[in-house]
Ligand SMILES: NC(=O)C1=CN([C@@H]2O[C@H](COP(=O)(O)OP(=O)(O)OC[C@H]3O[C@@H](n4cnc5c(N)ncnc54)[C@H](OP(=O)(O)O)[C@@H]3O)[C@@H](O)[C@H]2O)C=CC1
Ligand SMILES: O=C(O)C1=N[C@H](C(=O)O)C[C@H](O)C1
């Protein structure tokens with residue numbers, strides 16, 4: 001049995017992860033961390049039967065004796081880097097769904113993980129469909145080098161652009177460079193700043209935040225008198241759970257830091 005703890009267990013994703021880990025026969029839920037749910041019962045917070053597990057206020061409280069094998073983190077971009085350093089330094093494997101880590105920070109976590117035999121997965125998106133969308137987008141990019149991304153999320157999301165759109169843009173850029181193709185010149189000049197969205201390398205990303213949405217993304221390719229659009233929709237947070245459960249089971253066999261769930265499939 002793999003002993004799993006959830007950081008951010010009281011949040012929108014954390015509550016679903018608690019339920020998914022509890023329901024899996026190869027995983028044992030051994031704890032949850034959330035500053036404002038400190039002392040509460042994890043089953044009550046997640047809306048399942050009482051589990052007799054009390055939530056801890058911070059990772060500092062769970063990295064002493066009786067550490068878990070794996071911590072799954074869905075907290076927020078402001079706290080992820082400092083928490084990840086502590087968790088990996090304590091020799092605990094770490095599955096990160098939280099967005100916002102820079103490439104430089106991921107490199108630092110890779111070194112800390114190797115030094116402490118603690119593996120780390122940073123996956124901007126755990127849904128199978130989103131991983132496939134990114135793969136197909138990269139496959140299409142050499143044939144359609146003119147491409148923009150629209151990502152659409154609920155209005156309680158803290159960060160923009162989304163982690164998924166940033167990884168999608170990176171994969172598209174890598175594919176374009178490998179194929180030695182470039183996009184057409186953008187002749188538009190903004191009369192209002194921000195009208196053309198944000199750039200990740202060469203790719204424009206537009207972020208929509210509205211109540212009602214969960215997590216959605218369109219990748220739009222423009223060609224000669226034709227366009228091609230691929231779209232992915234997460235209809236609920238359950239869409240991320242098979243990926244999170246898979247990551248908890250595979251992480252022991254992937255040394256260092258891995259970026260993207262595709263490397264686990
Ligand atoms: N990789 C993927 O597939 C997905 C990634 N995400 C990402 O996951 C992250 C969380 O998303 P979501 O669940 O919607 O956000 P929520 O705000 O609903 O949940 C975050 C939780 O973390 C808690 N928290 C804040 N600071 C700490 C801390 N220092 N230690 C422990 N817990 C803390 C929050 O408590 P409080 O509310 O009291 O601040 C809250 O309960 C985001 O970065 C989001 O982009 C989301 C969906 C899928
Ligand atoms: O905040 C969210 O909700 C999501 N965040 C991730 C991201 O930033 O890409 C994954 C998914 O889009 C949901």
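Each Cβ is built from the backbone N, Cα and C atoms, and glycine gets one as well.
Remember, TrEMBL labels are computer predictions, not curated facts.
Straight from TrEMBL, the features:
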- 2-126: domain 'Dihydrodipicolinate reductase N-terminal' (DOMAIN)
- 8, 9, 10, 11, 12, 13, 34, 97, 98, 99, 123, 124, 125, 126: NAD(+) binding site (BINDING)
- 129-265: domain 'Dihydrodipicolinate reductase C-terminal' (DOMAIN)
- 153: active site, proton donor/acceptor (ACT_SITE)
- 154, 163, 164: (S)-2,3,4,5-tetrahydrodipicolinate binding site (BINDING)
- 157: active site, proton donor (ACT_SITE)
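In this structure, 125, 157, 163, 164 are the recorded positions from 123, 125, 157, 163, 164 whose C-beta falls under 6 Å of some atom of ligand 2. Residue 157 (active site, proton donor) and residue 12 (NAD(+) binding site) have their C-alpha atoms 11 Å apart, to the nearest angstrom. With a CB cut-off of under 6 A applied against ligand 1, the binding-site residues 10, 12, 123, 154, 164 are reduced to 10, 12, 123. Recorded residues residue 34 (NAD(+) binding site) and residue 154 ((S)-2,3,4,5-tetrahydrodipicolinate binding site) have their alpha carbons 22 Å apart, per Cα-Cα distance. Taking every pair among 8, 9, 10, 11, 12, 13, 34, 97, 98, 99, 123, 124, 125, 126, the residues recorded as binding NAD(+), the greatest CA to CA distance is 22 Å. Considering only the binding-site residues 10, 12, 98, 123, the residue whose Cα is spatially closest to the Cα of residue 154 ((S)-2,3,4,5-tetrahydrodipicolinate binding site) is 12. The residues near the (S)-2,3,4,5-tetrahydrodipicolinate site, meaning same-chain residues not in 154, 163, 164 whose C-beta sits within 8 angstroms of the mean position of the site's C-beta atoms, are 99, 124, 125, 151, 153, 157, 159, 162, 165, 215, 217, in sequence order.
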